[in-house]
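Listed features, source TrEMBL:
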ACT_SITE  79  active site, proton donor
ACT_SITE  226  active site
ACT_SITE  320  active site, proton donor
ACT_SITE  338  active site
BINDING   424  Ca(2+) binding site
COMPBIAS  780-794  compositional bias 'Acidic residues'
COMPBIAS  829-839  compositional bias 'Polar residues'
DOMAIN    621-708  domain 'PA'
REGION    757-855  region 'Disordered'
């Protein structure tokens, strides 16, 4: 409210609201923003769970008074349903509960429900397809096919996008008596069920909304599919329709047969479910142990949860994606709540205090590494601890809710949480809806079920309060074999298809043995349906057409070869890259809370081998480009030198500042508006000569990040930073020094928590450096003749991190082959061929204002002098279609 209202989201680093069209576009991520105070609506029922009833009453009044749902803006049907429609319905559910109790909300007359119904009607035009599957986006004002709608041309949607509607839409129908919403949601679910792959009973990731053809034929329980399975089971719980449970159990049997490879959950092909589709997992699958608890299948839930916890202990947070041997695949972490959700449900099921320890670790990591002056910032890179100016609404809607409920006793709650079911966004819907306004007949449309184990067809959900009344060690006995699974790392075993073959035939050609100049190898490729194309730039492209293979077995061998080649190519490229580094501002008033992502140098001190990093006050050098002898050495001596990119080699800059007595250097990009948010990082290369004489650390900051330091110097003069391989926690930074009281305040709440926890280890462990990188780092060597505008096109002039490590481009036009570009999960940063960062179409924030959270004491008194003005981005961008 203080910094962002009425914007959709809070930007916690710059202490302002994120308004769509006033910030650089983030692509599909922005489809959740509709100028309807998203975070406020998404957090309504969280306030009641936290017993903030007065604040809830005021928040509801704000929503009723200020929120407009008739905006000319294109939004995601899926996100708007689970966050806004779900938020309004959850708010209505707890509002009528409070009104019935007689103390609060006596004035309430269903206003949130009226808004929910209005929004429901605005989403209905998206369902105007022959299949009944909704378009992925809709214009709140003009619908889909209106000339001014700017949407309606899409052909595909994800399975979860179309299959995660039934709870909210059915609840809306039951609350209002208007059946159309539940009918539309049921029709979409029916269509997906009918289109499942009949032999495997699995569904793909994306589907054509007009034809029903599967566009992406890989299947898992993570991004793109996750909440489809969740809503089948929860629809049975909420609505009492047996067909939903039958469908869920059919899918669940397939999941445990093909996808579950304890403790891993790996994507497979729907047509060939014994063949893994990728060698990494995304973080969204962390919800699945919680769903297994609801199903009553506790053992695999404990196993997968423990594996995920081990990954978190290694990196402090769960990376967006990680490999089967637990290396970082995508390093971002937007403070997702799925792991906390599963932790809560496992504690409810087992009563094991171990899960309280897990929750304590989550809270400690949030306070240490994500808490910033105005909130909690997403992690741009879990390896370095760098932040992103982002706090999604689900952080307050879900993370706060599940963590509070994990530690709350029954007397801490003002209502019985068991009377409600959680939506996928953790909104509360009352179970009594199952007997209210049953306007849709419960016809069993489920047919052709596979014969399954009878245990899969339990007709009631397990009572979590009596699952293990006499065996408190049950969960521990399952966890024990997995406690070192990440540290030991899973070996790169053979694929499950090969495993089933036992000592049978092996693939005729392995990727590691392939030589493009070997005629025998080319003949084998042809037999497997793989063709080789020589590109003009000297690279070789491999393309597989399964229909051109000599047999189905040869086609499967070809698919496996392509997968091996992708993994080999990725691994070779990663071995040639240096990881990103961190610049952490440790002086007043930052105190280590601001971490900037920095590009490394191929010369100078290796910060990964000097864990303490280099700490010092910063000083701007003269001349600013650092390309000649430094004229202000007295200002630079024993400090970290700031300089501008351009006009000479990076190594030359380093030598000049080292000669002047600097203990480190930061090169700031001169490309106005460049940012690590939107441009790929790159590493600074040497000058082609021996650089062993350079012993100080050198890091590179894009323009936006560099300006944060420059602005701090203008405001505070003395600015101290820490150059390191990853961000350090504040206890380490201030070891042996006086720690500001407010830093300690964030951890005081842990003392009360400790009273509830058993006296054992908190299972914390320091983060270790990941061996795999998710970001591609360009190696750029500045050209003294061309200056900062020279384009490097000759591959020989680039370091190995930029050039193709194996000169092979791989594609598959017939069946899905996993690569590093997945539509269902966040995209990794791309490599950049230009020697300069790409220009960003935004204006630089030259004066960033950071208002500090007034609720953290004594922050007001410490930071009373921080009064910089925020200069908002002036460029208005059109909505993403």
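Every residue gets a Cβ built from N, Cα and C, even glycine.
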The rounded CA-CA distance in Å from residue 338 (active site) to residue 79 (active site, proton donor) is 16
Within 10 A of the CB of residue 320 (active site, proton donor), the number of other CB atoms across every chain shown is 23
For the domain 'PA' (621-708), the DSSP helix/strand/coil residue counts are 20 helix, 17 strand, 51 coil
Cα of residue 320 (active site, proton donor) to Cα of residue 226 (active site), in Å and rounded, measures 15
Rounded Cα distance in angstrom between residue 424 (Ca(2+) binding site) and residue 79 (active site, proton donor) is 11
Whole-number Å distance separating the Cα atoms of residue 226 (active site) and residue 79 (active site, proton donor) is 14
Whole-number mean pLDDT, the domain 'PA' (621-708), equals 90
Within the same chain, the residues at least 6 apart in sequence whose Cβ is under 8 angstroms from that of residue 79 (active site, proton donor) are 31, 32
